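Quick look at what TrEMBL lists:
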DOMAIN    41-153  domain 'PurM-like N-terminal'
BINDING   T57, D58, D135  Mg(2+) 1 binding site
BINDING   Y117, G134, D135, R161, S240  ATP binding site
BINDING   D241  Mg(2+) 5 binding site
Amino acid sequence: MLEDKNTEKTSLAELGEFGLISHLTKHFKIYNSTTKKGIDDDCAVISAGGKETLVTTDLLIEGVHFDLSYMPLKHLGYKAVMVNLSDVYAMNAKAEQITVSLAVSNRFPLEALEELYAGIQLACDTYKIDLIGGDTTSSTKGMLISITAIGIADKEDIIYRNGAKATDLIVVSGDLGGAYLGLQVLEREKQVYQVNPKNQPDLDAYTYIIERQLKPEARKDIPELLKELGVKPTSMIDISDGLSSELFHICTQSKVGCKIYEDKLPLDPQVISTCEEFNIDSTMVALSGGEDYELLFTVPISEFDKIKGNPNLSIIGHMTEENQGMNLVTRANQEIALKAQGWNSFS
Ligand SMILES: [Mg+2]
């Protein structure tokens with residue numbers, strides 16, 4: 001579907017592993033004073049300066065988590081960084097370093113890895129992140145990328161999943177379901193292309209949702225916004241597997257129930273129109289579609305005035321006592337039990 005404009009192909013074997021790493025990383029900058037030593041020794045050295053250190057890792061596998069027939073390598077590199085930063089911001093911490101480990105088969109020339117690293121570098125430059133290490137090796141089939149992100153926070157600022165109280169408000173940033181629908185559009189166009197390669201897809205009506213799928217942004221701005229508003233969430237999580245699944249984590253760990261309202265779920269107009277076209281229920285998409293990388297958090301009810309009306313935030317419901325379970329109030333004012341059926345890469 002996406003044309004390969006890169007005609008030059010350099011075999012990775014020509015460079016060797018050390019040559020490859022230094023070639024791919026030579027233009028990366030160091031942004032954070034906590035980075036004491038980067039790529040050129042046995043270990044990177046980080047000084048947390050009396051703060052807490054947060055660590056998160058994500059592994060992405062070709063054919064399971066991404067499909068290179070519609071995912072440009074530069075976007076893949078960018079997104080692989082975003083999914084990790086998102087987890088750091090979900091703890092109300094500042095992301096500062098990443099390591100990148102990569103396994104590739106010999107079908108990838110150097111130019112392909114340069115594209116991938118261009119995306120990683122764009123993410124690092126945009127979010128002020130230091131690349132401090134990693135590993136590169138060969139795989140017998142396809143590409144695997146594992147990124148680890150490291151962040152820092154003052155102990156008292158860290159927000160866990162287990163602090164929600166029974167009367168807290170439930171708040172979500174941005175809008176939901178776009179990334180999942182973008183994937184549905186890309187999958188459909190891939191099938192059309194396989195039948196007729198001359199058919200050029202017209203994706204103008206889907207630009208927002210495709211961007212949500214191919215180039216998500218981690219919500220670094222939301223913890224900053226909350227600080228400005230003087231609001232400290234009682235619990236927080238990022239929405240990688242779908243709203244229901246993330247609510248389930250908060251409810252289980254905080255030992256509370258929840259009630260959310262169908263008519264409060266934030267949906268982009270393009271999500272609504274594409275749901276109509278695909279004949280899918282937009283509420284299902286908002287609840288179960290993954291990869292939005294928005295933040296879901298709870299705040300004491302006393303903070304209502306600080307949150308309401310903020311264009312970046314939607315109050316979608318409230319927590320309840322644990323014995324009430326997890327429930328959705330429909331537009332018809334019926335209460336139905338929520339299932340934690342998020343995205344599951346094992347299914
Ligand atoms: Mg997460």
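Using N, Cα and C of the backbone, Cβ positions are placed for all residues, glycine too.
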Practice task
Sort D135 (Mg(2+) 1 binding site) into helix, strand or coil using the DSSP assignment.
Solution key: strand
Handout entry: Sparsest-packed of the listed binding-site residues (D58, D135, D241) - C-beta count within 10 angstroms
Key = D135
Problem - Number of other Cβ atoms within 10 Å of the Cβ of R161 (ATP binding site) across all protein chains - result: 20
Handout entry: Stretch-averaged pLDDT - the domain 'PurM-like N-terminal' (41-153)
Key = 95
Practice task
Quick one: of T57, S240, which of the binding-site residues has the smallest count of other CB atoms within 10 A?
Solution key: T57
Practice task
Please name the residue among the binding-site residues Y117, G134 whose C-beta has the most neighbouring C-beta atoms within 10 angstroms.
Solution key: Y117
Fill in the blank from the handout: Taking only the CA atoms, the spacing between D58 (Mg(2+) 1 binding site) and R161 (ATP binding site), expressed in whole angstrom, is 19
Completion exercise
One of the binding-site residues T57, D135, D241 has its Cα closest to the Cα of Y117 (ATP binding site), namely D135
Problem - Mapped DSSP class for T57 (Mg(2+) 1 binding site), helix or strand or coil - result: strand
Practice task
Could you state the whole-number distance in Å separating the C-alpha atoms of the residue listed as 'Mg(2+) 5 binding site' and T57 (Mg(2+) 1 binding site)?
Solution key: 16
Handout entry: Distance-selected binding-site residues near ligand 1 (C-beta under 6 Å), from T57, S240, D241
Key = S240
Exercise for the section: Round to the nearest Å and give the CA-to-CA distance linking R161 (ATP binding site) with T57 (Mg(2+) 1 binding site). Expected result: 18
